[in-house]
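One structure is given here, and the rest of the page talks about it.
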Amino acid sequence: MNLSIAELRKSYGRAELNEDAAHADPLQQFDQWLGQAIAAQLPEPNAMTLATVGSDLRPSTRIVLIKGYDERGIVWFTNYDSRKGRQIAGNPCAALQFHWVELERVVRIEGLVQKVSDQESDAYFDSRPLDSRIGAWASPQSQVIAGRGVLLANAARYGAQFMLKPPRPQHWGGYRLEPDLWEFWQGRKSRLHDRLRYRMAGGQWVRERLAP
């Protein structure tokens, strides 16, 4: 490569994040920013990085899609037997991060994770396209397989078995992260970025500005 990675840089300055304009409730602030990311037609504004830590204390990350949020927390769906599922079972502390590059914004969320109810998982599973529902059966997520043919053979087998109405596998469902910390980052000029952190203390959200 002729171009040095160290020379890659970008100036920020599209917007600002001030305490006077920011919501006192971080969920409302998140709702506003996510809505703006969707309105801006960003590619997959619902994509978020999920960080978990296993019993070996090694962290791992992956991209998942937010499928719902309210005062109870942030929801996504996945395979419970996957690496992330096993890590969450052993250590429910996790972190999420949204990065909306075009808006020069990042949102970080930390908290404890638990499974959503079977009713919530069933309702979302039944709303998915048929191929996705078959795929939940066909993929032994995070396991070593001999080749892609294994997945295709599994998909054909389960497709023939369940036809148009595959039930939700017991190893597949939703998780909800209940936030106890939020951080909103807005890129600013001269690397003097805006960072507002919300932390739960005494049952209330405390908002603080952090140095960038």
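Heads up, the Cβ atoms here are built off N, Cα and C, so glycines get one too.
Feature annotations, courtesy of Swiss-Prot:
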BINDING   Arg9, Lys10, Ser11, Tyr12, Lys67, Tyr124, Arg128, Ser132, Arg191, Leu192, His193  substrate binding site
BINDING   Arg62, Ile63, Val64, Leu65, Ile66, Lys67, Phe77, Thr78, Arg83, Lys84, Gln141, Ser142, Trp185, Arg195  FMN binding site
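Here the features listed in Swiss-Prot are placed on the structure.
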residue	record	Cβ neighbours (10 Å)
Ser11	substrate binding site	10
Arg62	FMN binding site	14
Val64	FMN binding site	17
Lys67	substrate binding site	16
Phe77	FMN binding site	21
Arg128	substrate binding site	15
Gln141	FMN binding site	16
Trp185	FMN binding site	20
Arg191	substrate binding site	10
His193	substrate binding site	18
Which of these binding-site residues is closest to Ser11 (substrate binding site) if you go by CA atoms: Arg62, Val64, Ile66, Phe77, Trp185?
Trp185
Pick the one among the binding-site residues Arg9, Arg83 whose Cβ has the fewest other Cβ atoms within 10 Å in this structure.
Arg9
Rounded Cα-Cα span from Arg9 (substrate binding site) to Arg62 (FMN binding site), Å:
25
DSSP three-state assignment for Trp185 (FMN binding site):
strand
What is the nearest of the binding-site residues Ile66, Phe77, Arg83, Gln141, Trp185 to Arg128 (substrate binding site), using the Cα of each?
Phe77
C-alpha spacing of Trp185 (FMN binding site) relative to His193 (substrate binding site), in angstrom:
7
Would you kindly give the Cα-Cα distance separating Arg9 (substrate binding site) and Ile66 (FMN binding site), rounded to the nearest Å?
29
Considering each pair of residues in Arg9, Lys10, Ser11, Tyr12, Lys67, Tyr124, Arg128, Ser132, Arg191, Leu192, His193, all listed as binding substrate, report the largest CA to CA distance in Å, no decimals.
44
Let's check the environment of Ile66 (FMN binding site): how many other CB atoms sit within 10 Å of its CB?
18
Of the residues named as FMN binders, Arg62, Ile63, Val64, Leu65, Ile66, Lys67, Phe77, Thr78, Arg83, Lys84, Gln141, Ser142, Trp185, Arg195, how far apart in Å are the Cα atoms of the most distant pair?
36
